[in-house]
Amino acid sequence: MRGRVSVGLVVWVFTAVMLGGTVPAPLYPFYVRSLGLSELQVTLVFAAYAVGTLTALLLGGGLSDRVGRRPVLALAVGIAVASTAVFLLAPTLPGLLVARVLSGLSVGLTTGTATAAIAELHDDRRTATTLATVANMGGLGLGPVVSGVVAQHLPGPTVAPYLAFLVLLLPVLALGLVPETRPRTRTLAGAVRPQRLAVPRATRARFVAAAVGGFAAFAVLGLFTSLTSSFLGQELGDPGPQLVGLSVAVMFAAAVACQLLAQRWDPDRAALVGALLLPVGTASVVGALAAGSLPVFLLAAVVGGSGVGFSFQSAVARVGGLASADERAAVTSSFFVVAYLGITVPVVGVGEIATATSLTAAAAALAVLVLVLSAAAAVLTRRHPTPAQRPAPSSA
């Protein structure tokens with residue numbers, strides 16, 4: 001199996017695994033009612049995903065370079081299936097935490113491996129980059145939609161979405177027919193090793209500029225993904241999982257569109273646009289919460305998602321040009337460690353503030369943080385511009 005069919009199968013697997021990472025987003029209201037979860041506990045469940053992703057990044061970074069693309073993709077799908085089994089068989093707070101960590105592991109192993117496989121299987125680099133970007137962020141956006149629609153219209157709202165996800169994984173059975181683009185050099189057990197982190201001294205200021213922007217972008221991503229169901233439940237009573245899923249997907253759709261647009265821009269320009277849109281988006285969330293307005297919230301999702309797309313794509317492009325080929329993996333891993341801290345620490349803080357006070361106060365606190373971070377990223381970007389270079393493809 002070669003050519004378009006192979007590329008299409010890898011893109012499908014990539015999209016499906018990413019979709020699995022956001023399947024629970026519209027289902028949190030059901031867990032809140034059945035388990036009595038607080039806002040803090042909901043955000044902890046959400047943040048557990050990033051713990052798994054970071055673990056995959058730090059222990060499995062470059063794993064597919066040593067054992068091949070297909071084995072790592074198969075391993076990632078297997079972990080995704082295990083995560084789904086835990087969701088189905090252990091719908092408790094500890095079970096949700098374990099399932100989310102496993103989901104993060106699966107996504108963390110898939111992103112770099114699938115991106116590399118698509119680039120190696122496809123003849124055109126730009127098209128390969130576009131496919132990987134759409135599969136990545138597009139899959140994350142499709143997760144809440146598929147989950148919400150299935151939960152809304154089929155019995156068993158905390159069961160049917162996960163079964164639908166398993167059905168979407170069935171094409172992975174044909175993965176063995178895809179040509180291996182990276183021959184195995186080690187066994188799987190011998191290939192797992194900690195990923196070294198590094199930031200070259202000569203380009204440290206530019207790294208900080210990109211990392212601060214990435215941190216802010218992921219904080220906004222976490223805000224919308226973890227608290228949309230809480231906002232809609234607070235304002236609409238029982239909005240239903242379909243509306244929750246579509247509302248989350250609006251943010252991801254905007255992020256995908258702007259990520260693709262940013263690939264054609266100078267990375268510093270994209271960074272500055274993102275630094276403007278991120279605080280506007282979070283400020284709009286505060287306004288939506290204060291006014292109890294769904295239209296304003298959806299507008300905030302579009303603006304915030306656009307900021308995520310521009311900021312993240314710019315950050316990845318700039319980090320990719322900071323080091324030599326020998327150092328690039330270590331530098332890129334350092335960036336993603338910072339970025340994924342942005343999707344954990346601020347979001348958990350938001351949950352704690354929301355539990356103690358209100359959602360509006362929690363969103364306002366995050367809006368101030370995003371404003372400060374975005375301003376810092378913009379100033380650093382202007383002071384330490386990126387030398388003229390071709391933007392690097394997004395890889396996570």
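Cβ from N, Cα, C; glycine included.
Annotation comment: TrEMBL describes 1-382 as domain 'Major facilitator superfamily (MFS) profile'.
The transmembrane segment annotation in TrEMBL covers 7-28 (among others).
According to TrEMBL, the feature transmembrane segment maps to 40-60 (among others). Counting same-chain residues at least six beyond the ends of the transmembrane segment (40-60), those with a Cβ under 8 angstroms from any Cβ of the stretch are 21, 24, 28, 31-32, 72, 93, 96-98, 100-109, 192-195, 222, 225-227, 230, 333, 336-337, 340-341, 343-344, 347-348, 350-352, 354-355.
The annotation transmembrane segment is assigned in TrEMBL to 72-91 (among others).
Marked as transmembrane segment by TrEMBL: 97-119 (among others). Among residues of the same chain six or more beyond the transmembrane segment (97-119), those with a C-beta under 8 A of the stretch's C-beta atoms are 7, 10-11, 13-14, 17-18, 20-21, 24, 44-46, 48-57, 60-61, 63-65, 69, 72-73, 75-77, 79-80, 82-84, 86-87, 90, 125, 128-129, 131-132, 135-136, 178, 181-182, 393-396.
For 131-153 (among others), the entry in TrEMBL reads transmembrane segment. Same-chain residues lying 6+ beyond the ends of the transmembrane segment (131-153) with a Cβ under 8 Å from its Cβ atoms: 7, 11, 14-27, 30, 111, 114-115, 118-119, 122, 160-161, 164-165, 168, 240-249, 251-253, 255-256, 259-260, 263, 309, 313, 393-396.
Feature annotation from TrEMBL assigns transmembrane segment to 159-178 (among others).
Per TrEMBL, the feature transmembrane segment maps to 205-224 (among others).
According to TrEMBL, the feature transmembrane segment maps to 244-262 (among others).
Marked as transmembrane segment by TrEMBL: 269-290 (among others).
Under the heading transmembrane segment, TrEMBL lists 296-317 (among others).
Among the features that TrEMBL reports, transmembrane segment is placed at 329-349 (among others). For the transmembrane segment (329-349), the list of distant contacts is 40, 43-44, 46-47, 50-51, 53-54, 57-58, 61-62, 195-200, 207, 210-211, 214-219, 221-223, 226, 312, 315-316, 319-320, 322-323, 362, 365-366, 369, 395-396: same-chain residues at least six beyond its ends, Cβ to Cβ under 8 Å.
TrEMBL lists 361-380 (among others) with the feature transmembrane segment.
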At a Cβ cut-off of 8 Å, and with pairs 6 or more apart in sequence only, do we get at least 3 pairs between the transmembrane segment (7-28) and the transmembrane segment (244-262), yes or no?
yes
Is it the case that the transmembrane segment (269-290) and the transmembrane segment (159-178) have 3 or more CB pairs under 8 Å, with pairs at least 6 apart in sequence?
no
Contact between the transmembrane segment (159-178) and the transmembrane segment (72-91) (3 or more Cβ pairs under 8 Å, separation 6+):
yes
